[in-house]
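Chemist: What TrEMBL records for this protein is below:
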DOMAIN    25-303  domain 'Protein kinase'
BINDING   LYS55  ATP binding site
REGION    335-356  region 'Disordered'
REGION    406-426  region 'Disordered'
COMPBIAS  408-424  compositional bias 'Polar residues'
COILED    488-515  coiled coil
Amino acid sequence: MAYNQEEHDQEEHKKIQYPLDSTCYTILDEIGKGVSAIVYKAICLPMNSSVVAIKAIDLDQSRADLDNIRREAKTMSLLSHPNILKAHCSFTVDHYIWVIMPFMSAGSLQSIISSAFPDGLSEPCIAIVLKETLNALAYLHNQGHLHRDIKSGNLLIDSDGTIKLADFGVSASIYEPISAYGSSYSSSSSCLMFTDVAGTPYWMAPEVIHSHTGYSFKADIWSFGITALELAHGRPPLSHLPPSKSLFMKITKKFRFSDYEKTRNSKNYKKFSKSFKDMVGLCLDQDPSKRPSAEKLLKHPFFKCSNKGPDFLVKHILQGLPSVEQRFRQSKIQRQLSLKKSDDENEEDPVQGEISKQRRISGWNFNVQGFELVPVFPVEKDQQISVKQENDDVDETEIIIQEKELGSDTSTISSPGGSRQSSEVDGAIVCSGDRKIHTEIGGGSVSREVMLASLLFLKKSLDDQRQNVMNLISIFYGEHHSVEVSRKDHLIEVIDKLRNELENEKKKNCALQLELEFLKSKYSNE
Ligand SMILES: Nc1ncnc2c1ncn2[C@@H]1O[C@H](COP(=O)(O)OP(=O)(O)OP(=O)(O)O)[C@@H](O)[C@H]1O
């Protein structure tokens, strides 16, 4: 049946207003956990106890950025499409924002894959899921919106096989005033471009990571391509590497479908149709202008040949699948078990724990769960991951990511067979206990883009930490009324202090940039 926007809008209009009062809802179960929110299954008592999902966003957590939450609520309220999850309403409850949403009884595709299809879905199922997602994306882009976080964790599926795109926390509109994003987008000759880093690393387009030229709708198409691979293989490409390294590879090397296939070990090797590979290849073009639009992609043979509908998903994915709440419980137990296991390993070897405390930090990992940078300690033994790449005009290019013995921490990407792609990265950000930051150069030229990407993430982490400290100070200060200085004055004092600290950090970053420039020119002259 063809989709009629007008009919859909009328239906939406008729919808009843859900109560804006938390006592009208009874929470039944926890069904998911995101970066800054917990998702519950609940019933709405005045609505004949109809089942809803409640996303409770903790405002006390630093990353629960109120602007993003407002943006998510606003975006959702303005959009209306059968493949986009629209919230019923949202309101504050203590220090939480509750977003009341339709309950999508099978949860996200990510939660389904991780619990029941670790090696990915079959191609006909992928085609249906992706086609529905593209419908949502085409609509979204036509309305002037970028989603900016397309991944299987944000694709929800209902008991009848309906797919809906959710989570507009980092979405952006080209029609909103510039102030809505700080100064994070700019106007180029052809279209509006965003320049802030948003999304989840493995799914991020290269131009989002090193965004001096900015990015636009085609960044969503890249993430869509990565999502296609995630659905096909059970995880996104490069997820065997720490996220920071996956970023490095993306900005220093071209990535193609064939590269990903070669990294798979033969046991899990899956064959895919030519049209699927071609479709993914188009989405993953390094040049955003060469990627097709969502509308154009819908006409690709991979989607044109697919005549199956949501019923097919019910039969091949949902039948026999444990409920979303059961799956969440299982994954929680698994997480606890693996945490306990790593604790036990540390207890067995107390010396080891002590050593890692004293070891210096060799770099940073971008933690997807915590959305923050975490320090990396140099590895004890040689660790080598090789990814073979096929090249059009050069025989073969080998990328080696190598972490050497303690004390000689380097990340090297070399290409012995290919001169065309021979950029070499050989540097690490080192952070010692006294928070001094300096660069270590291990005999190669430094890629400015790699350093810039690291610095951008480092800056984000510092901003988050600053927010954290401010929250903590206000919490603790609130409990000590005996102190004479007024709360307001104290906060002003703290803000000034933090502002100074931030200025200092900025200066350090500038000094670091200068040092890099100097070393870069020095080594390139040599
Ligand atoms: N409306 C809903 N109906 C049913 N399950 C849902 C709903 N919304 C979210 N979930 C479940 O809760 C999980 C967490 O959702 P949430 O949007 O908070 O985080 P996420 O998208 O997985 O992570 P991130 O915070 O990185 O965006 C989802 O993976 C999904 O299984």
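Just so it is clear, glycine is given a Cβ too, placed from its N, Cα and C backbone atoms.
Are these features on the surface or tucked inside, and what touches them?
Modeler: The secondary structure of LYS55 (ATP binding site), as reduced to three states from DSSP, is extended strand. Taking all protein chains in view, 24 other C-beta atoms sit within 10 angstroms of the C-beta of LYS55 (ATP binding site).
On the 0 to 100 pLDDT scale, the coiled coil (488-515) averages 76 in this prediction.
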